[in-house]
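Contents: one structure, followed by commentary.
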Amino acid sequence: MASTIFVLNGPNLNALGKREPGIYGGKTLADIEAMCKAEAKLLGFDIDFRQSNHEGTLVDWLHEAGEKSVGIAINPAAYGHTSIAMHDAIRAITVPVVELHLSNIHAREEFRHKSMIAPAVKGVICGFGAQSYILALHALKNLTEKSK
């Protein structure tokens, strides 16, 4: 059985494809999940892909992923700018975590420029639309190979 990467998605990402496609693109979260699963198969990983609009649920999943996966890709969405709880949960995890965003958070409103979780993760990928997820999977592949 292949090693598992968790792909966690924060609030409002369930509305992708309908919500501000000029910023987030036209792909739905189901489209992105299918892309991730196909790419992960090529990389030799299984994917556990989840989305929640609730911060506490995401924190619980981070703890679970820290125990059950070889790496985590997380699109925290708006919680990336506000969640000390997610920052602290990531600090407690020993597997690599990559933060990703569909849009370039640094080219948007000033309140989106700072990520509360960026100091706790291995790296941040933003601004490449749905491709940000694929780049995160490749980063995790590289990070897990380095740790062997």
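Cβ from N, Cα, C; glycine included.
Taken from Swiss-Prot, the feature active site, proton acceptor applies to Y24, supported by sequence analysis. The annotation active site, proton donor is assigned in Swiss-Prot to H101. Look at Swiss-Prot and you will find N75, H81, D88, L102, S103, R112 tagged as substrate binding site. Taken from Swiss-Prot, the feature site 'Transition state stabilizer' covers R19, and the record attributes it to sequence analysis.
The structure, with features from Swiss-Prot marked on it.
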residue	record	DSSP class
N75	substrate binding site	strand
H81	substrate binding site	helix
D88	substrate binding site	helix
H101	active site, proton donor	strand
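Between the candidate binding-site residues, N75, S103, the densest Cβ environment within 10 Å is the one around N75. Nearest by CA distance to H101 (active site, proton donor), out of the binding-site residues N75, H81, D88, is N75.
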